[in-house]
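**Q** The structure that follows is given in the form of structure tokens.
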Amino acid sequence: MSFTTTTTTDMKVTLVGASGAIGMPLSLLLKMNPMITELALYDVKQARVPVAGVAADSSHINSPAKVKGYAGPAQLEAALTGSKVIVCTAGIAQKPGMSRDDLFNVNAGIMRDLATAFAKYAPEAVVCILSNPETALVPITAEVYKKAGVYDSRKIVGITTLDVTRARTFYAEATGMDVEKVDVPVVGGHGGCAILPLFSKATPYVKLDEESIEELDDHVQNAVTEVVDALAGAGSASLSMAYSAAQFVDIVIRGLK
């Protein structure tokens, strides 16, 4: 994974849910980004891994970002103030047998409360939502911002880059091409059959038969279930999610320069 090498001034990024399965590897990848000058890591006090430990560990990496950990609601304001990008991974992860509706029932309330704080303490920041189900949590966040009078449709986004990452990987495997040189557009939602990889628009284009395309579609759409089942209840996709999120945040930061 490569990042833009040009540094910039005053680029604070806040990662909410930094002690989680996605948050910890994402903390590392964000620390590696030379454009980030300050990295605020936030999580709840009862997190399985204390966020202070994640911050201390990542702060030893020899890259420009200054890292500080924040735990609990009392420190959320400090974590958010001055942030230009907020990345939210908070909430429970999908487990075997759990539907996205089940995720929504828990994560909607968490997202609503966090969005209220985002709108209050960092209303100008770009909010990048990684928590699931994204297609429901993004609108919830938007409604909170509208109620607070600070809504800007350009600054609340869901990170669905993992669908593109998977489509590229599986397409390259099927065609024997270099995975770093292929691109596959993905449209639709983020979950199950709503994910629509457009292999007919892939570059470089390789004509595939209908059966192969159906198999690729199914692989992309059910990739998360494959990972959840393989982890046997120990979690969901985290490493690939963190990788894809870090790529997305890098693009956002370059856009803000």
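Numbering starts at 1 and runs along the chain as it is shown here.
The backbone N, Cα and C atoms fix where each Cβ goes, and this holds for glycine too.
OK, TrEMBL features for this one:
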- His190: active site, proton acceptor (ACT_SITE)
- Gly17, Ala18, Ser19, Gly20, Ala21, Ile22, Gly23, Asp43, Asn107, Met241: NAD(+) binding site (BINDING)
- 11-158: domain 'Lactate/malate dehydrogenase N-terminal' (DOMAIN)
- 160-256: domain 'Lactate/malate dehydrogenase C-terminal' (DOMAIN)
**Q** So if I measure Cβ to Cβ from Ala21 (NAD(+) binding site) and keep only same-chain residues at least 6 apart in sequence, which ones fall under 8 Å?
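**A** Expected: Ala93, Gly235, Ser236, Ser238.
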**Q** Find the longest CA to CA distance in the recorded NAD(+)-binding set Gly17, Ala18, Ser19, Gly20, Ala21, Ile22, Gly23, Asp43, Asn107, Met241; express it in Å as a whole number.
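**A** Greatest Cα separation within the listed binding residues comes to 18 Å.
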**Q** I'm checking region-level scores; what's the whole-number mean pLDDT for the domain 'Lactate/malate dehydrogenase N-terminal' (11-158)?
**A** 95
**Q** Determine, to the nearest whole angstrom, how far the Cα atom of Gly17 (NAD(+) binding site) is from the Cα atom of His190 (active site, proton acceptor).
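**A** About 20 Å separate the Cα atoms of these two residues.
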**Q** If you count CB neighbours within 10 Å, which one among the binding-site residues Ser19, Asn107 has the smallest count?
**A** Asn107
**Q** Taking the Cβ of Gly23 (NAD(+) binding site) as the centre, count every other Cβ atom within 10 Å, in any protein chain shown.
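**A** 29, counting other Cβ atoms within 10 Å of Gly23 (NAD(+) binding site).
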**Q** Please state whether DSSP places Asn107 (NAD(+) binding site) in a helix, a strand or coil.
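**A** Asn107 (NAD(+) binding site) sits in a helix per DSSP.
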**Q** Reduced to three states, what secondary structure does DSSP give Gly23 (NAD(+) binding site)?
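**A** Gly23 (NAD(+) binding site) sits in a helix per DSSP.
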